[in-house]
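Peer 1: According to TrEMBL, the record shows the following:
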TRANSMEM  24-43  transmembrane segment
DOMAIN    95-151  domain 'Potassium channel'
TRANSMEM  99-117  transmembrane segment
TRANSMEM  129-159  transmembrane segment
TRANSMEM  195-216  transmembrane segment
DOMAIN    207-284  domain 'Potassium channel'
TRANSMEM  228-245  transmembrane segment
TRANSMEM  257-277  transmembrane segment
Amino acid sequence: MARKRSGGCCPRPPFNEDNARFCLLAGLILLYLLCGAAVFSALERPSELRAHRLWDQQLANFTLSHQVSLGALHALLRQYEEANGAGIRVDALRPRWDFSGAFYFVGTVVSTIGFGMNTPATIPGKIFLIFYGLIGCAATILFFNLFLERIITMLAYIMRWCHERRMRRSGVGPVSGVGEPRSEEDSLEGWKPSVYYVMLILGVASVLIACSASSLYCSMEDWSYMDSLYFCFVAFSTIGFGDLVSSQRERYEAQDAYRLGNCVFILMGVCCIYSLFNVISIIIKQTLNWILTRLACPGRRCPCSCPKRDAGMGVDGVAGGRRLSGEMISVNDFTASNKVSLALLQKQLCETAHQGPRQSHVPRHNGFSGGVGAFAIMNNRLQETSVDR
């Protein structure tokens, strides 16, 4: 007997759901960009205009007081801009291209942060950067994916341990009594950690790392705490504007310890924020699915009075022995996911090239399937755990 989709008799959209989701996401991102541009323009444009007026006034005062022509002053400033691009500053800074400076540079390259405080100036350096970054960025993304798998595995074990303690305190142990069968929702084997708890834990960890790093930067870089938090987000999210860059002075107190701490904080922050972004993207995908469902079946109730999802649910929201899309992967699935190798990815790519997206025994109507690497593992398992059986 064919398995029913979770929408009951609700009509599916007359267009491909993946394409609909893509178009909806593209439209929302465009709207997000327009709103962001309006907000930043309103916040920053007055400051930019004030800075222009102040600079013009300072140039006029300097040319009058020092009897220098404005053209000659502009020529000098252009030369300084060129020197600035080579790493020369008015204040003494650390060497840009000694071994430690070059190591800091390649770290920003492979992590895709790209602060921009120094860039290759020679043609051989630029050519080498293209090939070096191609391999280094790919390897670092793989590292982030493997880190994501392991951090979620660790969180799953922690949440499983907390769930087990909560069950014992409430009098529901792994075995309720002699000869008493366990229900699947009461068993640890059938329990799955919530994606929302994972997002919360990763968010708290990211905030703690950012706050700790900001305290360090306040004391070592003489930045305000707000500027330090701003730098942490820009660096950890690999946006990397380069307006604030840590560890650039020529001398620091406890210099070696500070530079080591700076690298550790940036590495931990980038890994946590990358993992958090992946989990948030799953939440966004769930939201898009909800919007598409509402568009396909408008109104609070379906006019066709289709059966509800919770018709076969227990008290905790379990349907047919499986948890819904708010729940993630069981511990056994987490452990197995760490054994995914290049052969699996190669198989997926081969099947996609010849047959289109890999067809699972579970219908692809909830939008969780797809993706590459750790994101694909979470998506495919979320797909299976969110289907009514």
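Note that Cβ sites are derived from N, Cα and C of the backbone, with glycine treated the same way.
In the displayed structure, how are the listed features positioned relative to their neighbours?
Peer 2: Sequence-distant contacts of the transmembrane segment (24-43) (same chain, six or more residues past either end, CB-CB distance under 8 Å): 284, 288, 291-292.
Each residue in the domain 'Potassium channel' (95-151) has a pLDDT score, and their mean in this model is 89.
Only residues 6 or more beyond the boundaries of the transmembrane segment (99-117), in the same chain, are considered here, and those with a CB under 8 A from a CB of the stretch are 87, 129, 132-133, 136-137, 139-140, 235, 238-242, 245, 247-248, 259, 263, 266, 270.
Cβ atoms under 8 Å from those of the transmembrane segment (195-216) belong to residues 151-152, 155, 159, 225, 228-229, 231-233, 236, 258, 261-262, 265-266, 268-269, 272-273, 275-276, 279-280, 282-283, 325-328, 382 of the same chain, restricted to positions at least 6 beyond its ends.
Counting residues 6+ beyond its ends, the transmembrane segment (257-277) has Cβ neighbours under 8 Å at 100, 107, 111, 113, 144, 147-148, 151-152, 199, 202-203, 205-206, 209-210, 212-213, 216, 220, 232-233, 235-238, 246-247 in the same chain.
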